[in-house]
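Visitor: As annotated in TrEMBL:
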- A:23-48: transmembrane segment (TRANSMEM)
- A:60-82: transmembrane segment (TRANSMEM)
- A:103-133: transmembrane segment (TRANSMEM)
- A:139-161: transmembrane segment (TRANSMEM)
- A:173-199: transmembrane segment (TRANSMEM)
- A:205-225: transmembrane segment (TRANSMEM)
- A:280-296: transmembrane segment (TRANSMEM)
- A:308-330: transmembrane segment (TRANSMEM)
- A:351-372: transmembrane segment (TRANSMEM)
- A:378-402: transmembrane segment (TRANSMEM)
- A:423-442: transmembrane segment (TRANSMEM)
- A:448-466: transmembrane segment (TRANSMEM)
Amino acid sequence: MIKHFLNFEWKQFFRSSYWQKSIALNILMGFLALYFMLTFLILGISIYPLLKKQFPESDPLILVNGFLFYWFLGDLVMRFFLQKLPVVNIKPLLTLPIKRSSILNYVLGKSAISFFNFLPLFAIIPFGVILIFEDYSTTTALIWMLLMYIFTLIINFLNFIIEAKSAETELSFLPIIAIASGLFALNYFEIISISSLLGNAVNSIISNPLLILIPLAILVGLYAFNYLELKKKLYVDGSLKAKAAVATTTDLAWTRRFGDIAPFLQLDLKLLWRNKRPRSTIFILVIGLLYGLIFYPNPTYQNMPAMFVFVGIFVTGIFMINFGQFIPAWDSGYYKLLMSQNIKYKQYLNSKYSLMTISAVIMFVLSIPYVYFGWKILAIHFAAMVYNIGVNSHVLLFGGSFNRKKIDLTQRAAFNYQGTGAVQWLIGFPLLLIPILFFYIPYKFINFEAGIITLIVLGGIGIIFHQKLMNFITKRYLTSKHKMISAFDQNN
Amino acid sequence: MIKSTELSKKYGDVTVLNIPSLEIPKGQSFGLVGNNGAGKTTYFNLLLDLIKPTTGKVINNEIQVNKSEDWKPFTAAFIDESFLIGYLTPEEYFYFIGELRGMNKADIDTFLNQFSEIFNEEIIGRKKYLRDLSKGNQKKAGIVAALIGNPEVVILDEPFANLDPTTQIRLKKLLKDLTKNSKTTLLVSSHDLGHVTEVCERIVVLEKGNIVKDIKTSEETLKELEAYFSV
């Protein structure tokens, strides 16, 4: 049975038009994976000698165990944002003579072979091997390695639960942030010293290998919990089928003042509010707005205005980046309608542009209180807003004409986490990093004001040539229209 | 009204549609029948410029569809559920389409009144999103939306499939009235030979992408079609 599942998986991946269109992106992901593997390998090899040198009188193994808490916490948060939960199309399988248990075990097993579970091994194994060479008993080293791997899997299944639960609610990633910062705070303020508790636990398991049964039991428990949770969802009237929500009708009359783009603007606002995937982009706004608090009060960044440009672009452009990179895929479900209805492509795109512009202005206004940390920050935010409106929004719209991946809004049940992975964040990088460069070069060679002016001028040029740019972008969309229609018609 | 010349569509070496010439005059109710894979939906997709023809062109009221977008204001279609916007209520969907076709809310409300029989109180005012309606009700909403704004050309792919018997009968009447009372050119496809002979004054049979029959509907047409398909 597993053989078939794997076969489907393989076909789904390689036969999707997404794969064929974005080989470059896949290669980039490959390099990123390689980079992480190398980093972990170096960490695994070098941590023992480093600790030995820094703290000659302590046992490096005990020290490492003391830090495990931070490792696990970091791992959990990283996974939440980067690891995709397995997406399996369950419905066609339900009526076939396949045991439900094998479907479930497959789904869970698939998450266990994720890259994120192999990555820690690159650090764990070298460290364990060094332990053996450094006169620890072989059992100790082996038990330690096994234990670390069990922990990795525990985190994997814990993340599975958290991710599935937060996908069911509307809160997106607020739960994980709350859990992680709660644990961190408890530990940091020494209300409960989780890191030393965990360290002691690991130490005692190493000295008494039988105790390894406890984490093993936890792992089995989490697996069973996941299994039972998923089992409940395996019915077509359960979560596979969307629950019929009571519809609320709004007419959004105030959008009228935007003229002929009003109907599209209304459509976009409803899209954002009534579907879970796009709605999460709204919650991201809150995170984006608070992002500045990490950098501005911190004295280390005070003489690095380039860092502030990053924050400024991020704060004023977070909605733009999250929403914009999926244009026009948000409308992929009814793209054929839009293409055969009485719609001019340009109006449609202009509506998206307006939405992004409005979001940038609103985010700028909301971020005005940051002026508390200095007028320079306000100036940077303003320049970043202009740059976002003039340059990034057009870049995003242009990039959208290469979009070939359908987003299925109607499938909001479990097992559907499409489009939320490392790729999403990867696309944002150039949008965030290039303006830093535009700021940094004049800043370095002339002064702060020159950097700000460069950004504003670049943004201004984009705004002045908006019509011309839109004509060009519209042409791009018209050329790739048929390709998009056929790609959006595919289900995977 | 609609003229296709040398129209063909190939995927690789396989020709899925090949129509040397087909002209549908204004106001005609035109039926397309054929087995699966005969090219019915392909033809409709070509009329709407949703796929690119390999050769030839489609001219809709003097406008070549893949050259200009000016055919859109007077053409409406419902091909499949991907023409529905799932997260809107049916009313909002009708208002949206209405707005694109220059009708305001009041216009739409009056327009919708004439369909209360077909809707059977299951579509309007139910506080449900389109995605939560049954397949049949989705179809009803889609077909009605295609009639908004008195388009001169209406294209419906398999309008009778998924509908309950009562609605099928009502829809037949509606479509017949549509071509009788106005100058609307109606294009439908169907697997149900009975329905299509009842509604359409002209029937074209497609087989493997080629036109094999072009019949003006008469008393014998149903028999003729049944004889043709019962091989």
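In case you wondered, yes, glycine gets a Cβ from its N, Cα and C as well.
For each feature listed, report its degree of burial, its nearest neighbours and the pertinent distances within the displayed model.
Guide: Same-chain residues lying 6 or more positions outside the transmembrane segment (A:23-48) and placing a CB less than 8 Å from one of its CB atoms are 60, 64, 115, 119-120, 122-127, 130-131, 134, 422-423, 426.
With a cut-off of 8 Å between Cβ atoms, the residues of this chain six or more beyond the transmembrane segment (A:139-161) that come close are 61, 68, 72, 75-76, 79-80, 83, 85, 108, 111-112, 114, 116-117, 120-121, 124-125, 128-129, 131-132, 202, 205-206, 209, 212, 215-216, 218-219, 222-223, 225-226, 229.
Same-chain residues lying 6 or more positions outside the transmembrane segment (A:173-199) and placing a CB less than 8 Å from one of its CB atoms are 62, 65-70, 72-73, 76-77, 80-81, 162, 165-166, 280, 283, 287.
Listed as Cβ neighbours of the transmembrane segment (A:308-330) (distance under 8 Å, sequence separation of 6 or more from its ends, same chain) are residues 268, 271-272, 278, 281-282, 284-285, 287-289, 291-292, 295-296, 301, 348, 352, 355-356, 359-360, 363-364, 367, 376-377, 380-381, 383-385, 387-388, 392-393, 396-397, 399-400, 403, 405-407, 409, 419, 424, 427-428, 431-433, 435-436, 439-440, 451, 455, 477, 484, 488.
Long-range contacts of the transmembrane segment (A:351-372) within the same chain, counting only residues at least 6 positions beyond its ends with a Cβ under 8 Å from a Cβ of the stretch, are 258, 261, 264-265, 267-268, 285, 288-289, 292, 296, 315-320, 323-324, 327-328, 378, 381-382, 384-385, 388-389, 393-394, 396-397, 466, 470.
Long-range neighbours of the transmembrane segment (A:448-466) within the same chain, counting only residues 6 or more positions beyond its ends whose Cβ lies under 8 Å from a Cβ of the stretch, are 305, 309, 353, 376, 379-380, 382-391, 393-394, 435, 438-442.
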Visitor: Using a Cβ cut-off of under 8 Å, list the residues of the same chain at least 6 residues beyond the transmembrane segment (A:103-133) that approach it.
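Guide: Same-chain contacts beyond the ends: 1-2, 5, 9, 33, 36-37, 40-41, 43-45, 47-48, 61, 64, 75, 78-79, 82-83, 85-86, 88, 90, 93, 140-142, 144-145, 148-149, 152-153, 156-157, 160, 223, 226-227, 230-231, 234, 415.
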Visitor: Using a Cβ cut-off of under 8 Å, list the residues of the same chain at least 6 residues beyond the transmembrane segment (A:60-82) that approach it.
Guide: 47-48, 51-52, 116, 120, 127, 131, 136, 140, 144, 151-152, 155-156, 158-159, 162-163, 173, 176, 180, 183-184, 187, 194-196, 198-199, 202-203, 206, 421-422, 425
